[in-house]
Every structure is written in structure tokens, then in C-alpha cells.
Amino acid sequence: MPQAQARAVLPVVLLGCGGVGRHLLRHIVSCRPLHANQGVAIRVVGVADSSSLLVADDVRASGLDDALLNDLCSAKSAGSPLSSLLARGHCQVFNKPEAMGKVIDAATMLGRTTGLVIVDCSATYDTVGVLKDAVDHGCCVVLANKKPLTCAYEDFKKLTSHFRQIRFESTVGAGLPVIASVTRIIASGDPVSRIVGSLSGTLGYVMSELEDGKKFSEVVKTAKALGYTEPDPRDDLSGMDVARKALILARLLGQQISMENINVESLYPSELGPEVMPTTDFLESGLAKLDETIEAKVKAASLRGNVLRYVCVIGNTGCQVGLQEVPKDSALGRLRGSDNVVEIYSRCYESSPLVIQGAGAGNDTTAAGVLADIIDLQDLFQTRA
């Protein structure tokens, strides 16, 4: 279906073309026939990385073509700059700090006319100002990046107060419908009393493997070899990624809290931290120092008929993140591999919680969740297209 026949045309500027961003661009291109049948067209008018912005010559009339988007993905995978694509024509490149100003220019131009979706697949706090300006100009925002929602509470409130214009499902459970489920329950007048979740695919894998009697150090190294962890596994073992997800959920429930208000249990002591010990030393010698302590906790839990899980618990009295014993036959206890699971308790779901489980990590899964969020905004563009 030609773009002119689409009932809804969604211009998009993508911030961040790392793993998730590149997968998103490939999904957009490969899903053209599907979206055309649905009367929807996504027009990518700009893509930014950490240093520059590639933008179509005329963002009001056209976007970056699919061949260019595919070449962009290949170039970024190979470590090439966006400027390497200038020879393709019909596009311009702006470097920082001018690049973010050009994003605002696009937001000003398109926000109240054709509309614009700013998609943040970066991993930085630096996009907060651009996102706040964008919603002020009437733009929509889709987030995979958790950091804009976990900095100052005022920024969270600013962004989410434009609830029709923002989607952030992928900040918590990749493609899992956690945010949608919580907001639907709240909208029904059913107060959510508690959320318990295993929201780290990495730590979910580690905890479930420990049940088989494996050493903590061996399991973490295997997880790293499988690509489940960050280059420095302490980024996962610190629990801060889970804490950010928990903070988003807590704020969604109306809690005006910050990261400082969350009790986060790290799986390594400060003397093994990145400020003290290089990554190689941690992997070669530091990890093994944790084996005895973790093994004792696993055995103690087993004697009580429980297993260990790294979870977040969000209740009326606050938010905690860390190791917790759970019954083996519970949804959390049955969890295996890198899946995520979330239990939502409310008046209607008090004795039998709403359980959401599935793949909660990975670039492909996260990008699919982001694309679904973009498509979910199509009704706001039908009268503009």
C-alpha cells in the first residue's frame, strides 16, 4: 500500500542506534507490508547516535528510505559513523551539540502539524530535556530507555502527565505487557496493593541455575558467555537495573519516591566494586569469593522448601530490591532461565495474583515491544496524516 493511502502516517525520530535501536529499524522495514494492510505507515525522518543526527532533507515531506535504514544498521554494527552515509544523498548529518537542537526543530515543526514520535532507545539521562520539550510541542514519546523515568520525580511527572502521548512498556519487561496491565487495573478503580517481580533476565538465569548445585561464580561466567550479562557482570549483580524498573512501577502506583528511597541489595560487597577492582580481576578472582556465602543462602532456603530469587517488592510502605526466598511451587519459584515474571496483587487479584511471564530481555524482544508502542499511538495521527 503506498504511503499516501495510509490512514495514519507516523513520522519518527530515533534516539539511540545501538542493539535495540538497530533491531527496531529492521523491524520497521520488515513490517512494511503488515502495517500497510493495517493502514499505517511509519516514516523514519531522523536517527541519532551518541554524537550526531542523520535527518532527511525535508522531514515534512519524506523520510529516510528503507535501503538507507538497512545500510545505517550495517554501518553502526561495523562501528562506522552516521556521516559515512552522507554519500547516499537526501539526508544531512549534524554533530553534537547542534544535533539535539535539530531534534527540537523537528519537534517544533511537526509536533502540532503532522505529529512526530520521538523514540528513545538510548541508555543515557541526556535525552530528558529533549523529551520534555518534545511533549510540550505536542509530540509523542516512546521509551525503551529507563533513565528519563528514573531521574527527578518532576521529570517523570512531566513526561507521564501527557499520558495519551507517551508509551514506555519496554522500560520494564521488554515486550511483556506489564505497564499496560498495571494501568488497566488502576483505571478500573481496583487499587494495586503490591507488585512482586523477577525483572532481570540475567539474575533470573543465575538464581535458577544455582538450584542445581552449581557455584555462583561458574553460573555468572556462563551467563556472560551466553551474552546475558553486561560486559562487566557487576552492572547486573548490583541490582540497579532492577531498581530502576521497580522505581518506574512504584511511581506508576503514585509513590513520589526516588532511587535513594529504594533499598537495593547488591550481590557483591563494595570491596569488589568497579571502583576498586578491574573487570578482569573480578571475573578471575573476585567472583569466587562470593561462592560460599551464596551457597549457604541457597541451602538454607532449600531446607525450608524454598528457592532464592532476586526480586523487587513494591508495596504501600515502600520498595525493596534484593534476594528473597520464595516457595518452589510459586510462579517465581518455578521460574527457569532468563524469563521475567511479575505478580500483581489488588482487591480483585488478592488471593490469586495476575501473573505475567515470558521473555523479558534481549534486543529483538525489546525492539518488538517498542514497535508495538509506536503502532499503539496510531489513533493520534489518523486525523493528521
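Note: Cβ is positioned from N, Cα and C throughout, glycine not excepted.
Those TrEMBL annotations? Automatic predictions, nothing curated.
These features come from TrEMBL:
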type: ACT_SITE; residues: Lys245; note: active site, proton donor
type: BINDING; residues: Gly16, Cys17, Gly18, Gly19, Val20, Gly21; note: NADP(+) binding site
type: BINDING; residues: Lys146; note: NADPH binding site
type: BINDING; residues: Glu230; note: L-homoserine binding site
type: DOMAIN; residues: 177-375; note: domain 'Homoserine dehydrogenase catalytic'
Response to the item:
binding-site residues near the residue listed as 'active site, proton donor': from Gly16, Val20, Glu230, Cα within 10 Å gives none
Worksheet item: Which residues in the same chain, at least 6 apart in sequence, have a Cβ under 8 Å from the Cβ of Val20 (NADP(+) binding site)?
Response: Cys121, Ala144, Asn363, Thr366, Ala367, Val370
Practice prompt. Provide, as an integer number of angstrom, the distance between the C-alpha atoms of Lys146 (NADPH binding site) and Gly16 (NADP(+) binding site).
Written response: 13
Fill in: Neighbour count (Cβ, 10 Å) for Gly21 (NADP(+) binding site)
27
Worksheet item: At the level of the C-alpha atoms, what whole-angstrom distance separates the residue listed as 'L-homoserine binding site' and Cys17 (NADP(+) binding site)?
Response: 17
Worksheet entry | Neighbour tally for Gly19 (NADP(+) binding site), based on other Cβ positions within 10 Å of its Cβ | 16
Worksheet item: What mean pLDDT score does the domain 'Homoserine dehydrogenase catalytic' (177-375) have in the model?
Response: 94
Worksheet, complete the sentence: Long-range Cβ list for Gly16 (NADP(+) binding site), cut-off under 8 Å, min separation 6+ in sequence, same chain only, gives Ala48, Asp49, Ser50, Asp120, Cys121, Ser122, Ala123, Ala144, Asn145
